[in-house]
Each structure stands twice: as C-alpha cells, then as structure tokens.
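A short worksheet on the structure shown next.
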Amino acid sequence: MLLVIGLGNPGKEYQYTRHNVGFIAIEKIANQYNSSFSTKKKFNCEIAETISDGQKIIFIKPTTYMNLSGKSVISVKTYYNIYPAKIFVIHDDIDLDTGRIKFKTGGGNGGHNGLKSIDGVIGNNYNRIRIGVGRPQNNQDVADYVLNHFSKPEYETVMQAIDRITSNFGLILENKLEEFKNKIA
C-alpha cells in the first residue's frame with residue numbers, strides 16, 4: 001500500500017498558485033489511474049483510492065491548509081497503518097528552478113511549512129518529490145511569491161515536469177525508486 005500526498009491549500013483562489021503544485025500533480029497522477037477525489041472530513045482531506053498491479057494506492061490532498069498538513073497525514077497513515085517508507089509527498093520547492101524535479105528519501109524540510117507539519121507527526125523518513133517553482137525576485141516576500149499564480153511560461157514548464165512524474169509513476173509501484181529519480185530529473 002502506498003500513500004501519496006499532494007501539498008497545497010484548499011480553495012479556488014489558490015488553485016494554480018506555486019504553493020499548490022502538489023495538488024496539481026496529484027490530481028494528474030490520480031486521474032491517470034481513473035481515480036477521483038472525494039472529501040473525507042474525518043481525515044481532513046480529499047482522498048482518492050485505486051488498485052494497480054495488486055497494490056492499493058491512496059492519494060490525498062489535505063484540506064487543513066499547508067501549515068497543518070501533518071494533521072491529515074497522521075490520521076490517514078494511522079488508519080491504514082502505512083509505514084513512512086511507503087509515503088510519498090509531492091510539494092513545491094523554491095530552491096529548485098521552475099520545472100526542475102528532485103526525488104529524495106528523508107532529510108530536512110528546507111523551511112517548507114507543510115513538510116515541517118508532516119515531520120512533526122511522522123518524522124522525516126518518508127519520500128519527497130520536489131517540484132521547483134523558482135525563487136522570488138527583487139526582494140519579493142517568499143509567502144507572497146508562493147501564493148501567486150504562475151506566469152503562462154512557468155505554468156507550461158511546471159506541467160511538463162508533472163507529465164514526467166505522471167508518466168514514470170509506475171516505477172514507484174515497482175519499487176524502482178532510483179530509476180524513477182533518474183527519469184524525472
């Protein structure tokens with residue numbers, strides 16, 4: 001069983017912001033598996049489930065807002081008894097150029113409040129799929145930057161990155177994490 005979490009903020013005003021790249025990616029991946037989201041208030045998230053090659057995949061989008069994502073993650077993790085090694089978090093990363101992707105297991109949170117929240121409830125030994133959204137320019141506040149919408153060229157670049165993640169997601173199901181890491185880079 002895999003738990004795949006896309007980080008973002010609920011609400012139409014945040015839908016296509018840099019901070020919601022995790023939501024955008026997880027919707028595309030879940031759609032690839034013909035799985036659609038429904039709200040589960042007891043888990044504080046939207047959830048979609050599917051089975052692929054005999055393996056259950058649970059996709060979630062926390063509805064707690066970014067800074068409290070751990071609340072949703074711990075409730076789903078506990079209910080389904082999922083080990084951190086089987087948890088994959090997809091999130092924005094300002095330390096990567098727009099559209100660049102990095103995969104890693106464990107490590108620090110890089111100042112990302114969604115990851116801080118998750119680390120606080122399950123530790124940090126889970127998998128991360130980091131999608132670059134670039135750095136703010138001209139002394140722009142980081143919070144303002146990540147809560148702003150992508151420019152059209154940025155959005156196209158990010159969608160190409162998400163397409164690479166989606167088309168190679170099956171490698172995660174086959175536990176070929178190193179190959180996944182190389183194919184998405």
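Glycine is no exception: its Cβ is also placed from the backbone N, Cα and C atoms.
Of the residues Asn113, Asn124, Asn125, Swiss-Prot puts just one in the tRNA site with Tyr14, Tyr65, Asn67: Asn113. Sequence-ordered, the extra residues of this chain that approach the tRNA site, with Cβ no more than 8 Å from the Cβ center of Tyr14, Tyr65, Asn67, Asn113, are Asn9, His19, Thr64, Met66, Leu68, Ser69, Gly114. Reported as a whole number, the C-alpha separation between His19 (active site, proton acceptor) and Asp92 (site 'Stabilizes the basic form of H active site to accept a proton') equals 6 Å.
The DSSP secondary structure for Asp92 (site 'Stabilizes the basic form of H active site to accept a proton') is strand.
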